[in-house]
Amino acid sequence: MAACRRRVAYFLIVIVLLVHIALNRGETNIDDQSLAEEKLYRVKRAAVERPNENVVNKFGAGGVNQNGLPPQNQNQQQFRNLPEKPLVNNNPQFAKNQAGGFRQAVGNGNFNQKPAIVDPANIHNPGGDVVNNLGKIPNKPLQPSKIKISTSPECAADVQKFCSKGVKDNNFSILDCLQSDERTNNEVSETCQNFLWNYKQQLTKDDRFDTASNEVCAKELRKIRECRELPSGQGLIIPCLIEHSENITSRPCQNFLNKMASIIFADYRFIYHFAEKCQSDITKFECGRLHNENDDSPHTQGRTVECLAQHTNKLTEECKTQVLRVYELEADDYHMDRPLYYACHDDRENLCAEVKAGNGAVFQCLFDHLGTTDLSHNCREKLELRQRLMAEDVRVEHSFYSRCRMDIEKHSCLGGTTGHEDAKRANVLMCLESAHMDGQAVDASCVQEMIKVRQRLIEDYRINPDLMARCANEIENHCSGLEPGGKTLHCLMKLARDHSNQRSHISDECKGQLKRLLREANVAEDYRLDKPLQLACGDVVSAVCSHIRPGNGAIISCLMDNLDEDDMTDECEERLLEIQYFVARDFRLDPDLYKSCKRDAKKLCHESGNWADPESMTPDQGPQVLACLRRHFFHPEQFDAETPQVSRVCVFAVKRVMRQRARSVDLNPIIEDACMVELGDLCSEKEHTEKGGELECLQLHYDTLSSNCQSAIANFTEEESEDIHMDAILMKSCTPMIKKFCEDELDNEAEPDEVLECLIEHKNHGEMRAKCAAGIEHHQLISLKDFRFNHKFKEACHKSVQKFCKGKITKYDVVSCLSEHVRNDTLLEKAHRVEVTCRKQLKAELLQRGENIKLDPELEKSCSDDVESYCKNVSPGNANVLECLKKNKQQLSKPCHKMLFKREKDEFAIADYALVHSCKKMIRKHCDTSGSEPEILDCLKKAKDGEGFDDKCRRIVIQRQITQAKDYRLNPLLQKACQQDIPKFCTDVMVGERNDGMLEGKVINCLKKQFAVKRLSQACEHQVRQRVKAASLDIRQAPILMKECQSEIKRHCSDKMLFEKGQGDVESMKIQELGEGNVIECLKAKFREHKIDNPRCRLEIANLLAESHIDVNVDPVLHTACQQDLLSLCRNVDLGQGRHMSCLLSFLDEDPNAMTAHCRDLLKKRKEMWEYAAQVAPPESFGEIYDSIVTSPAKHYFLAVLFTVIGIIFIVGISCGRVTKRVRAELLRLVPV
């Protein structure tokens, strides 16, 4: 019996299953038939409207397919393509199995009870009177009956007119047909609109729907207490579940809610708590039914939410939350946002036809066209409104939020609260960017979404409500009418850079918000984000940056490095500098700088280390961080020894940034802020405002700047001196010259200041570009303002400056002070107080000073009139003006003469530019390059008469000898050797020394006289001997002789001299190439012939002869003539003490025939001249007589005669007795007194 019952039961179950399968198959066939009919109908209407979208609702893949059919008419195959865990299970069969008897009600929207038509005025009073479809109040409740929209009197005609036959039995399909297109919806009768609204309201309030939700969404209701405890029949449970959609996980519940979502979002009155929380704001901003109070069309009612959204910043907090929540729930399906859906219908057709609806794909496609002109005006307005709401709450941006949600939670970018500030897109985006910049893991899909968001931020300013609010005036007055695509943003950037008329054209609030937006977009990270920049610089990038991979700011950095290249265009440079203006004011906007220095900035400069830190967004924060880092590695002496040093990678990054930003004052905010007045007053001309000209202008006016501006320029120039790459003008002009002249320095990876020294050394080279030479000279002129402006000099000499020149600021004063110490130590043979490295650098500075009178402000000031008078047409470089002044020394004014003499003392003691420049090769060939300046000059003097010696160098060496002959103070070797002899013998001729006046050879002449009588010390005698010998070959080195014999030279020896054109004084005389010593020999010959009438001239010639009488070596002409005789006749005679001269004179007296004819004749003439000289210049005192005898070559003869005379007197006295007569003593006493 039991077995029989089991068989019956099994049989009944099989029958039920077969019936069930048959029913399902029949339903599927009906749906397939409807699908075919609908497709045919849509093809016929293609010219009128586009087929409805395939909607993927907030709750899954349900909705309406591409043919306008409801989800229950779609095949099961659609749901096999859903993600593993979709928000919604859109399988209608699954819902039917779960919802049981509610399948017909939920699936087709049909009721067994005719819906009462509720008065909209009583929408919040569900227990009020119910109005029937004729608008009358019935005496008793309506009887249940099955309602179909297609057969209702109110909508039958509209359904017949607008909808195909295949959808007549499906109320959801009819709703979609009548309300999916704005044009169709506008033609639907008002009676039908009212009926549809009441129908949808009844759907949300029907007890059976609440019961269905309790069954289908039971699991969710158990978890969501708020929805579980709501009363049934008031239309609250389903909206509440939709509100908590992110917590819905079961597919049946998702599928059920999908069907209801389009109804709920069609009218703000259906949205959970919306009308309750926003009623006051709706009234305040007049956002109720905007046109017709009885207009219940969905596109009109959607305007209420849209109206509130336009006043987001003014809404109450509760209402703002509701508005943002609505847009968040609509974010994945643009059908839900009815105003936007209607406004963008054609745009979706034209621009996004291939995009499959769902997951915010259509939104994303439309957003991608915001930066173009393809969008219609109405659609653009609606998209921008949604973008502004996205800025208020990142969750409204479905694509971004869905892909970045895990990263947002992982990095706590919402702050753990639901506050609007934390949920703002800017804060979330910067939080994620901070994590990404810090090397923390961020999903690749999220990074791509971040890039898209950043790009939209730059392309359309209108999606940023804060920027629109704070920059409204600027946009209206200066940037209106611009096409989308980032042009407005660049217009605002340009305004921020413009400071014409010493005022800003942009408010601080606007500039601050613009800076915040650029940080939010991280605009410098990838130049492709900025379309105006990309369009302007595309060709430039291809030409000079094609080898660089985009990202991390690499392309923008490359463009900045190549601003001066020929490939750089003006438009690209302008767009680039507009961005760099803000990058320079925010330490974090330069990706490479931030990554390289964030640890140093946090450790040394109190920087937070958090890229998204809002506290670091103050206007001064960015520039101060960079300035702090610069101070730590440029001026380590300002900090304690325990202070950590800046890392090498940070130093490299900071130097790169400094080089790039040195091109414009705009990129140096500290200078710009401190020097705003000076920029307007001094540097507003066009020549100054182009490519770094303003910084150069401020440097040139350094002395007249205000204290704050001067301090800023001083810091900048000091840093610039360490790296010449910061001098944009110099580098642009001199890069080819560096490659040409400084190849060795480049090969050896020389420091930048060494490269600069190389350029200075070749500044006057014939192939040097004029612009490069001008840039070098500008650098030299600026460095005069402060010795710190020359990095190498400052590093080498800062200790000596602190010790010996404390209080000196300008490099001119410091160089003068140090050179005086070096010169004194050299002359006094003391240990040098200035260290070797400083002396070497001091020499370089003096060489620079001597090269151009412009680099010597004190000399230029003292000699300005003289330069105008005597050197007007002389070019200033290559020491030309200085040499010109020296040639006209006798005509110079006293101030100029005095200052020139000071410069000459430095030249002879430390550094002589003209000598070093002209004799560079000869110095390397003949001299020790490490020797002092006096030693080098002495070396060149000895080598100048050798074979192959450079003529130009020889002329400059002779010129220096002539100058030295005029004043012993210009001959450091002589001054040092004779420092004891000069005070001893020449005190009376040193009167002019105190006034720095030229002694005109008086002291040297005095020493020569003492040389002639052999009174000098050995060291001094050696030096004077050299002077006597040199004067015998060149009369210009005997200044007193030349001065006293000027007329005689012109009269008797003019054929031996050349005079400058137009001049006839001895200062302009040049020696003919007829042999050295010709003029002296001419004067000696006329002296011997008694033709010299001028007694002073005769006396000087006699003194010259007396000097040469000492030894044959002192008389070069005689020495040359008698060279063979010395070798043959006096080879056994030791040198010195006049022995060779005595030897030759003895042969002349005793065996003249043994001598060569030329030597014999010349020596005979010399002897005659010596005898005549003795008459012309007789001894004036007993001492001179004694000295004459002692120094005479015939001194032995004179001594023999003297002793013979004394001996004869002695012998005669002894032999002859007394001369007087002897007298007795007593007779003497008788003589009266």
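From the backbone N, Cα and C atoms, a Cβ is placed for every residue, glycine too.
TrEMBL annotations: computationally assigned, not manually curated.
Feature annotations, reproduced from TrEMBL:
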- 314-374: repeat 'Cys-rich GLG1' (REPEAT)
- 441-500: repeat 'Cys-rich GLG1' (REPEAT)
- 567-637: repeat 'Cys-rich GLG1' (REPEAT)
- 704-767: repeat 'Cys-rich GLG1' (REPEAT)
- 833-893: repeat 'Cys-rich GLG1' (REPEAT)
- 948-1015: repeat 'Cys-rich GLG1' (REPEAT)
- 1092-1152: repeat 'Cys-rich GLG1' (REPEAT)
- 1-26: signal peptide (SIGNAL)
- 1197-1219: transmembrane segment (TRANSMEM)
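With DSSP classes pooled into helix, strand and coil, the tally for the repeat 'Cys-rich GLG1' (833-893) is 43 helix, 0 strand, 18 coil. Against the repeat 'Cys-rich GLG1' (1092-1152), stretch 948-1015 shows more Cβ pairs under 8 Å than any other of 441-500, 567-637, 704-767, 948-1015. With helix defined as DSSP H, G or I and strand as E or B, the repeat 'Cys-rich GLG1' (441-500) counts 44 helix, 0 strand, 16 coil.
Contact counts against the repeat 'Cys-rich GLG1' (441-500), taken as Cβ pairs under 8 Å, peak for 314-374 among the stretches 314-374, 704-767, 948-1015. Under DSSP, residues within the repeat 'Cys-rich GLG1' (1092-1152) fall into helix, strand and coil as 43 helix, 0 strand, 18 coil. Model confidence over the repeat 'Cys-rich GLG1' (567-637) is summarised by a mean pLDDT of 81.
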